[in-house]
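These notes are about the structure you will find just below.
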Amino acid sequence: MTLLVGSPGSGKTTLLKLLAGQLQTEGNWKATGVYFNGIPATDPKVEPRKLCSLVGETDVHLPTMTVEKTLDFAFKCTSREPSPEHVSMILEVLGLAHVAKTKVGGEGVRGCSGGERRRVTVGEQWAAGVRVLLADRLTDGLDSSSTIDIIRALSVWCHMTKATVVLSLLQPPPEVYAYFDNVCILAMQKCVYCGPIEGAAQHMSDLEGIDRQAGDHPANANAARISIPPAQPATSRGERSPMDQGDASQGAPQAESAMTGGYHRSYMTQLRLCIQRQFYLEFTNYGLVISRIVLNVVNGFMTASLWKGMTNDQAGLELRSALIFHSCMSTVISVVSHIGLFSNDRPVFYKQHDAYFFRSSCYWIANNFFQFLVWGVLETMCFCTPLYWLTGLRADMSRFLAFWFAMYLLNLNSSVMFKLMAIVTSTTSVGQTMAGLIQVVFFLFSGYLRPWSVMPKGWKWMKWFSPQSYAFCIAIINEFEDSVFTCTAEELAEFQGVCPYTSGMKYIEDVYSLKVEHDTIGLYAFGLIGWYLGYLFISAVCLHFVRFQSRIKHRLQPYRPQSKER
C-alpha cells in the first residue's frame with residue numbers, strides 16, 4: 001500500500017492516469033516505462049484498464065441500489081464461482097453491515113453518508129477482484145474519522161488480497177500515514193523518494209536544495225514497476241505488494257493470466273445479471289413507477305375531455321386528424337425523461353464496462369428490455385384507453401388495438417432515440433436540446449402540419465425518415481378506412497349543397513396522399529419496427545465506442561537522466 005504525496009502540480013494525477021492507462025497526451029508522445037510484473041504496459045497482451053481501477057474524487061454508483069446489491073452485482077459479474085458469504089465478509093470487514101439494506105444514495109437520493117459511500121467504492125473494487133487500485137485524493141471533503149475508517153478498510157483489503165493500492169492524499173495526518181507500507185514523494189514532476197515509509201524521514205533530512213536540484217538525486221525513478229501478486233490472503237502486514245523496483249517476475253503466471261484473460265462470465269450470464277439489476281432499478285423506485293402511470297392516465301383523460309363527442313361530419317374529419325397528431329406528440333413527450341435518466345447512469349456504465357463487469361451489448365439490451373415488455377405496453381395502454389373510447393373514434397376492438405400498436409411502436413422508437421441522444425452528447429442539457437430539435441423536424445414532416453399533398457417535392461423524402469409519420473399514417477388509415485361521413489345543414493350551405501367528403505378513404509387520399517390499396521397499416525408498422533431495430537443497433541455501437549470523460553491532454557517531456565554530481 002503506497003502513499004503518493006506532493007504539492008499541487010507535482011504530477012500526482014498525471015502519474016495515476018499513466019498507471020491506469022487513461023493518460024491522454026498531446027501530439028505523438030507516448031508514455032513508456034510502466035511495467036506489470038516485468039511486462040511493459042505497451043505490450044498488446046497487457047490491458048491497464050482491466051488491471052487497474054482509478055478512483056476519482058467522487059463516488060460513482062447507482063444511487064437507488066442498496067449497498068449489498070451493489071457489491072453483490074460487482075462480485076457476480078467478475079467472479080467465476082460467486083458465493084454469498086464473500087459479500088457478507090466484505091460488508092463486515094468494511095463496517096458496512098449495518099447499512100447493507102440502505103440505498104447508496106447520491107444527488108437527490110437519500111442514502112449512506114459520505115464516508116460510507118467511500119467504503120462502498122472500496123468494497124466494490126474488492127468484490128470485483130481489482131488487482132491495482134489507484135485513487136486520487138480519495139478522502140477530500142471527509143472528516144478525520146471517516147478518513148481513518150476508509151484508509152483502515154483499504155489497508156485490510158490490500159493485505160488480505162495482496163492487491164496493490166496507490167493513494168494520492170494531501171497532507172495526511174500521522175495516524176493515516178502509519179497505515180501505509182511505502183511512500184512516493186513527488187516534487188516538480190520528479191520523484192524525490194520512493195520506498196518504505198520508515199526511511200522517508202531520514203532520506204528527506206539528508207537532502208539539500210530539493211526545490212532546486214530534485215532531479216539530480218539518485219532517488220529519481222525513470223520507470224514505475226507494479227507487482228501484481230496472486231490473489232491469496234496475507235497473514236501479516238509484512239506480506240506487502242508495494243510499488244517498488246523489486247523482482248517483478250514473481251507470481252508472473254497468475255498475473256499474466258489476469259492480464260490476458262477475457263470476461264469472467266459468459267454472455268448469457270452477464271445478460272441475466274444486467275436484466276436482474278435493471279428490474280430492481282425500475283420496479284423498486286416506486287415514485288418513478290407511480291409517476292409514469294399517473295402521467296399517462298391523466299394525459300389520456302384530459303385529452304379525452306377536449307375531444308369528447310366527435311361527430312361524423314366534415315368538422316369531425318379535421319378533429320380526428322388533430323387528435324391523432326396530438327396522440328403521437330403526447331406519446332413522444334411521455335418518454336423524454338429517458339435522456340436525463342440515462343445520462344445519470346452513464347458514468348456508472350463507463351466505470352463498470354471498463355472494469356469488464358459486462359459487455360456493452362448486455363447492458364444495452366437490459367436497459368431496453370422492460371421498456372419493450374412492460375413500460376411501452378403499460379404507458380401507451382394507460383394513455384390510449386380513455387382517449388380512444390371516450391372521444392368517438394371508431395368503437396371496434398381491432399381498430400383500437402391497431403391504434404394502440406402504432407402508439408406503442410412510436411413509444412419504443414422515441415425511447416431509444418432519446419437514449420441515443422444521451423449517449424452521443426456530453427451533458428443532459430445538450431442532449432435535450434438536440435433531441436428537441438430532431439423531434440421538431442420529425443413532427444414537421446409527420447404529414448399533419450404540412451400535408452404531403454401540398455409539401456414541396458424536394459422535402460417529401462423526409463416522410464420516410466420521421467417515425468412520427470409512420471405512426472400518424474397507421475392511425476389515420478385505421479380511423480378513416482371504410483368510414484362514412486356526412487354534412488350538417490350549415491356545412492351544406494357553406495359548400496353550396498355539395499358535401500366535400502363522404503368517404504374517409506377519399507379524404508386521406510386527397511389531403512395526405514394515402515391510397516389504402518398501396519399504403520397499408522402493415523407497411524408502416526414494418527417501417528416503425530425497422531427504425532426501432534436501426535436505432536437499437538446504432539445506439540449499441542455508439543454506447544460501446546463513444547466516451548465523454550476528461551479531455552485534458554498532458555504535455556509530456558522525454559526523460560533525460562542527469563549526470564551531474566552534487
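Heads up, residue numbers simply count up from 1 along the chain you see.
Glycine residues also receive a Cβ, built from the backbone N, Cα and C atoms like all the rest.
Feature annotation (TrEMBL): of 183-202, 283-302, the stretch labelled transmembrane segment is 283-302. Between the stretches 90-109, 430-449, 490-509, TrEMBL puts its transmembrane segment entry on 430-449. Contact between the transmembrane segment (430-449) and the transmembrane segment (323-343) is supported by 3 or more Cβ pairs under 8 Å, counting only residues 6 or more apart in sequence.
Mapped onto DSSP classes, the domain 'ABC transporter' (2-136) shows 52 helix, 24 strand, 59 coil. Distant neighbours of the transmembrane segment (401-424): 327-328, 331-332, 334-336, 338-340, 342-343, 346, 367-368, 371-372, 376-377, 379-381, 383-384, 388, 393, 431-432, 434-435, 438, 467-468, 470-471, 474-475, 478-479, 521, 524-525, 528-529, 531-532, 535-536, 538-539, 542-543, 546; these residues of the same chain sit at least 6 beyond its ends, with a Cβ under 8 Å from one of its Cβ atoms. Restricting the average to the domain 'ABC transporter' (2-136) gives a pLDDT of 84. Same-chain residues lying 6 or more positions outside the transmembrane segment (363-389) and placing a CB less than 8 Å from one of its CB atoms are 271, 274-275, 277-279, 282-283, 292-293, 296-297, 299-301, 303-304, 307, 323, 327, 330-331, 334-335, 342, 349, 353, 395, 400, 403-404, 407-408, 411-412, 415-416, 419, 536, 539-540, 543.
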